[in-house]
There are 2 protein chains.
Amino acid sequence: MELWYTEKQTDSFGITAKVKRSLHSEQTDFQKLDMLETEEWGNMLTLDGMVMTTERDEFVYHEMVAHVPLFTHPNPENVLIVGGGDGGVIREVLKHDKVKKVVLVDIDGKVIEYSKKFLPAIAGMMDDPRADVRVGDGFMHIAESENIYDVIMVDSTEPVGPAVNLFSKGFYAGIAKALKEDGLFVAQTDNPWFKSDLIAQVNKDVKEIFPVTALYTANIPTYPSGLWTFTMGSKVYHPKEVDASLLPHIETKYYTPELHHAAFVLPKFVQDLLK
Amino acid sequence: MELWYTEKQTDSFGITAKVKRSLHSEQTDFQKLDMLETEEWGNMLTLDGMVMTTERDEFVYHEMVAHVPLFTHPNPENVLIVGGGDGGVIREVLKHDKVKKVVLVDIDGKVIEYSKKFLPAIAGMMDDPRADVRVGDGFMHIAESENIYDVIMVDSTEPVGPAVNLFSKGFYAGIAKALKEDGLFVAQTDNPWFKSDLIAQVNKDVKEIFPVTALYTANIPTYPSGLWTFTMGSKVYHPKEVDASLLPHIETKYYTPELHHAAFVLPKFVQDLLK
């Protein structure tokens, strides 16, 4: 018998991956969680039938969501991750010596539990002394925070299920309040081939709240279209004004100082979404 | 009944696309040719079970294989396309006023015939007065050409079936001979996630023949991993020394003058393949 995981990324297109075995499957309080051992991608976490991360290509997303904002801010001491229960973003954030504390708030404790169990290379830094991992509602945490964080990363699922609020204008306003006066944030904002309306809407909303708004991309093979976008909103610092030659060295497999800038150079049809 | 086209891009990973109907299917003298009408991508041409082009995302590949080399060469009058029977590269080449003549040599006349029939927006420029479309062996055409072309584009299938020779060092040496003394070429060289050995080998071979060698990428959702590479070999001109601010305007949906440079900034794991 051959098992294949098939994900409809749209109603009429998707990916399929050969599965060695299912490692875990459960309906948590918030979503359907599956951990699969695949041939091509190693262990793979899916939520509500969508790939969240795989051992083989996880480095792209986690590096790009962490290093671009952290190298844009000159002194990112206090960092918040909303979502991100697999621990991949925390691992990358902790590569930055300037970070004194990183708080992670994921609504689903089961994601944290099973990532630690089946994705140890991704989740292994969640017990670091500088990491403060909490199970809770990131939207509420943002609503209750004021002038606390230098950098916030929104590492959410797609805008269905528990993450719907994390794509609302009110949420971005809350982020602005939770950030210090020179703070900045980044959110994953899906792909431009199938979700162009979402990208345009988020860009419009963030622009109305933050003086600096910018979109960058990265190639993630197991995500729809292979081209992922990240939207940054910043009160002061501009990601394109970073002097790449001055950035300290960190170990990466995707991010480079040159790519810090190149990632913001968009294909024309993506540029056109932001008009 | 629902029809789905499923392509194993590797032994254990692939894509799947909902099909409205099969428009044409035949075993030509060289390969299995299928034309499918899909929900997500419009009409789609596959050869030997691999997506070659689709109406919706074809612009990425065709723009990037054409405009990067043509804007690197200061005066690309004579252009050769090896393969490319769908006509997409010719269409883009003809956007350049400096091009006086573009020869296309595809081994399979059926690709040209059925692209004209079912992909008119891609194939519609093959009868242009500046275009000289021939059915023949591109490898032999290169072997018989000397000091003729300014720019050569290798728009081949994967290195299986009729295209095996088009990834050999002897072929690149033939290209060098077919080019004028300041000529340059570009070849599609697959993706870095599943075909890293191929990219490394081609880069090594081209480096031994051409003084200037460079790799660039583009996002093509229907190609394996969504990240495609193009290898350029050049006798004189360097693609990174192009002054993007001086490039004439052409209508595009992916290529921009800024992206001309950004496309050469590689993810670290791709950079590392070229060492």
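Just so you know, glycine gets a Cβ as well, placed from its N, Cα and C.
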Among B:Asp97, B:Asp106, B:Asp197, B:Asp205 - the residue TrEMBL places in the same S-methyl-5'-thioadenosine site as B:Gln31, B:Asp137, B:Gly138, B:Pro162: B:Asp106
Candidate sharing the spermidine site with B:His62, B:Asp155, B:Ser156, B:Thr157, B:Glu158 (per TrEMBL), from B:Asp86, B:Asp182: B:Asp86
Which same-chain residues, if any, lie at least 6 apart from B:Gln31 (S-methyl-5'-thioadenosine binding site) yet have Cβ under 8 Å of it: B:Leu47, B:Asp48, B:Asp108, B:Thr157, B:Gly161, B:Pro162
Model confidence over the domain 'PABS' (B:2-235), averaged pLDDT: 97
Neighbouring binding-site residues, C-alpha within 10 angstroms of B:Glu158 (spermidine binding site) - of B:Asp106, B:Asp137, B:Gly138: none
In three-state DSSP terms, the structure that B:Asp106 (S-methyl-5'-thioadenosine binding site) belongs to: strand
Cα-Cα distance linking B:Ser156 (spermidine binding site) and B:Asp137 (S-methyl-5'-thioadenosine binding site), given in Å to the nearest integer: 12
